[in-house]
Each structure stands twice: as C-alpha cells, then as structure tokens.
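Look at TrEMBL and you will find A:23-44, A:76-96, A:108-131, A:137-157, A:169-190, A:210-229, A:259-283, A:298-318, A:325-346 tagged as transmembrane segment.
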Amino acid sequence: MAAVTTDTPTHAVRYRGLVARRIVILTGLALLLVLSLAVDVSLGPARYPLWDVMRTIFAPSSSDIQMRVVIWEIRMPMALLAITVGASLSLAGAQMQTILANPLASPFTLGLSAAASFGAALAMVLGVALFPAAVALMVPINAFAMAMAASLLIFGLSTLRGVTVETIVLLGIALVFSFNAALALLQYFASEQALSAVVFWTMGSLTKATWAKVAVTAGILLICTPLFARRAWALTAIRLGETRAAAMGVPVKRLRLEALFLVSLLAAVPVSFVGTIGFIGIVGPHVARLLLGEDQRFFLPGAMLCGAVILSATSVLSKAILPGAVLPIGIITALVGVPFFAALILTKGRKSW
Amino acid sequence: MVSLALEKVSARYGHRQILSDASTPEIEGGALTALLGANAAGKSTLFRRIAGQLPGAGAVRLSDANETDLRYMPQDTAMSAALTVYESIILALKQGGGGWRLSASELASVDDVLHHFGLGDLADRQLPELSGGQRQAVGIAQTLVTRPKVVLMDEPTSALDLYRQYEVLDALQNYARETGAVMVLALHDLNQVMRACTTVMALAEGRILATGLTLEVLTPDLIARLYGIDSRVERCSRGCPVMIVDGPARPAVR
C-alpha cells in the first residue's frame, strides 16, 4: 500500500522548521549584540583606533596605562551595563505583559521608574537617606527602596480577593501620576544645583557605570532567568487566558505572584542605577514577540537579547550623534525608539495585541 | 471501566451558594453525557468544582482514573497570544511536566489530534487570526491532546456551524468509544443532545434534578422545569426523536 500514509507527521516537520528559524533569529540577535558591544567600546570622546581598542581588550598589558583605564574602567562597564540593564528591563517588561495580560505593562508604566526617580530626588534635594547606614550610596539605595516599595504595593494588592489584572495596571498608572506629582513638588523646592542633579538623573544615563553595578545587574539576571525558564510552559499557557491555563493545571495565582516578585527585582535594581530609561521595557518584548512569537522557550531569551541589543545600540548612538559628547541615553531611547516601534507595529503588526 | 459519580457536592462563590448537594449515580465512560441547564444554573461551577478549581463540601468519585487524567475545557476562548495553533496544542501537552525538548512521539500526538478534529489546515495559523468557531475547535484539540480519561467541556459547540457541530460531536463520540473516557458536555441544543449523548444530567438552580438515559430523562416535564419552555418530543419521518418547542411554559408548571 503506497497510497496514503496519514501517520507521517507533516505538521511536526513544519514545526521543526519553525523552531530552526527561531534558533537562527536568536543566534543573529546574539551576533548583533556582540557587534554592538564592540562598536560601543570603541566609541567615546577620546578617539582611539579600533585596532588599539581590541588590543587593549584582549592583551591589556601591551597598551599604555591611560588607554587601559579608559577602556577597562570607563567604556567596558558602560557598554556592559547597557547590556545587562537592557536585558533586565526588557525581561521584566516581557513577564509583566505576560502575567498581567496587558501589552502596556512595563517597569515604566507600572510606576517603578517614577517611584525610583522620587526616591533618588529625596536623596538629592532633601538629603534624606532611607537607609542611613549607607549615606554614600543614598541615591541608588533610595531609588531602589522606592521602586521596590511601589512594586511590593502592586504585588500586595494583587493578592487581594477580586483584584483583576486590569485593576493592577490601573493602579500602576495611578502610581506613576502620584510619584510624578511628588517629584514635581520636590523639584519646586529644590536648590538650583539639586534641581539639575534630579533632572539629569531622571533623563537616564549610563555614565556612572561601575563594574560593581554590572556585577549586581548581571547577578540578578542570572538568578531570575533560570527561575523563569523552569516555568516556561506554564508562563506561555497564561497567555491563553487565566481560566484556560488553570484548566491545563497551571497554578495561575501562585505563578503570578512568583513572577511579580522576580520582575520587581529585575526592574528596580537597573532603574536605581541608571535612572529612567522608559522605553526598553515595552519595545524589547514587543520586538521579541514579533520576531519569535510567545513560546517562552524562545520569547524569554529573545526578549532579553532584544532589550540588550536595543540599549547597547542606543548607547552607540548617544555617543555618535554629537562627537565628543555623550547624550543621556534615556532621551535617545525615546527619540529613536518611538518612530522605530511605531513603524514596526504598523508594518508587521499581527492581530496579537 | 472509567466512571464518575458525585456525592453531595457543593460550591460557593463568596457568599453565594451556587451548587448544593449535587449527587449523581455512576456515569460510565465510552459515550457522551450532556449536562443541561438554563443560563446561570451552575453548569460552569459544577465543572470547575469537579475539576478541583473550586473548594466545597462533598466528594467527586472517579474510578479507574485519577485527577491527573481529568481535563476541563472552559467556555472562554479569548486567545490573543502570538502562538500558532500547533504551538498552542504543544503547550497543552507539555503542562503535565517535562523539559524544553519535544520528543517525536509528543509531536506525533499533536499531529494526531489536529488530524482527528480536521484542524490540519490551521496548524500554522496564529491564534488571533482564527474565527470564533476555529478557536473553539482548537480548544477541543488542546483539551484532548493529553488523552484524558475524564473530560468536561463547557459548551464545546456553541460557536460552530451546523456541519462543524455534527463533525465535532461525531469526533467526540469516537474519542469516547476508543478511549472509554467519561465525557460530560454542557450543551444547549437538545436535538444535538438526543442525537449524540447517551446520558443526560439536568441541573437547575444549583441542584441536580435528574440523571439518566437521554430518552428516559428528557421529558417535556423536565424541559419545562429546566428552561420554562413547553415542548414535545416526537418521532420524525425516519423514526428519530425530535424536540419541538411550542412556547413559554404555562405558569402552573413553572
């Protein structure tokens, strides 16, 4: 019988093709990231030839001390922080969108960035240290404490009975306005010097990058990513709707709480180091969704890579636009990100969100 | 033989008692059982209670099956995720556990369920592009891909056209026969019920009024109590029982 062999899994073959395409896309994103990192390190106010930069990276002892300091103590931490912060904010946004079933959810729209700005301003304007033990680090620590407080508030309220995902998102937007008003009040009473510090902080900047900040943000990514990865199937199923996911055996409530907690950490720490970089948390996940779909096995690494590539490329732009100057990266993400994002949605937008 | 029986099962949402003392004799697998009841009679609550999603008094007795063999298909079919139909069925398959890798046999079972429910052409389509009826069919495939022994489906045919209703109920009957599964379907079309379902459970105001063979239980009197409708069950020219609706029930009966 050579007639019909219905048991040939033709769809499975096509699915394997889809998986292969996605692996190619992920690899491409990773290569793009390496390229962007290389360009980022080679650019800066001091013009060094690319060859010298590479030599300083791979054989530091052969370069003079000034070059080593510029590359290893200034440019490398900045370039790497762009990557860890971009990946963290994008992953945080991706999982917020997943568990809250809302395309607008991100560290920015849920009020975490606004809370962090307010915390930082408390330190810069009033000199208030929320943890007096660490006065030297009071700006980032205040920012972190306020961002964590905001997300724990959202986290706590989401455990109440009858609180829906829509309520959580509305509450986040209410937080944005409240913290912005409080911040404006602080700015009104601030000295000129403090005011300019606050304004610069809220623009978002990588210029205060250190190896310690790179290590902390990378460490948090290393802790959170495997925890999300282990729940990849369940997180994907949540996107089929709460009831359907529950019917498939997903512990929806518990998973949502766990994810909200991880997301709080992922968002609060980078924001307290670099200030307001609003757009990555929304654009990163949406680009990843358009490229790779929402199977978390691809979406999870994809969202991180997209966020990292976007912020790293933005860092390159922030140095390239005005030679000799480094523009605040938060401004560039919005200026370049918005038109790019709009174009992407309008040209390639599927019906999913 | 797989079977399901309820013993004084209750459930409440907050202060509202939705189900009280729902009991049934053993419902045996291998054929379809219809769960009948007016809107808000408690059908979805009963399903969720049996599926273990709601707490409450009483016992759900399964024989020859345990809770992991049970699948519940809720009514809501909102699917805005950027997933293909194929991926969404893999997803249902992998919730039981297992790592990121997909084995050949897992992929084969996805292909199999797509084939059985006539969804082959939709395999590569994105969920948000589907019509309501197509989503419902995908939901059925998601529910059955794990080969469950106890299946609860909340209005599985409500968005399907006549042909698809027939096709889907036929496929569900075949599934029940092949696997011996207990399959309880909440349905509203009583003629479909008479054609496809061997057994009927009738639910009104959170209580089970009757459970039994379709043609014995589905009397004009029961239909009047369930839906407030006067009706007749008559034989058509080919001898099949057909239900004819006459109008709202007389007050005396309600």
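Placed from the backbone N, Cα and C atoms, the Cβ positions cover glycine too.
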Is it true that the transmembrane segment (A:298-318) and the transmembrane segment (A:108-131) have 3 or more Cβ pairs under 8 Å, skipping pairs fewer than 6 apart in sequence? no
Who are the long-range neighbours of the transmembrane segment (A:169-190) in its own chain, taking Cβ under 8 Å and residues 6 or more past its ends? 100, 102, 104-105, 108-111, 114-115, 117-118, 121-122, 124-126, 146, 150, 153-154, 157, 198-199, 202
Within the same chain, the residues 6 or more beyond the ends of the transmembrane segment (A:325-346) and with Cβ under 8 Å of it are 44-45, 82, 200, 202-207, 274-280, 282-283, 286-287, 290, 310-311, 314-315, 317-319
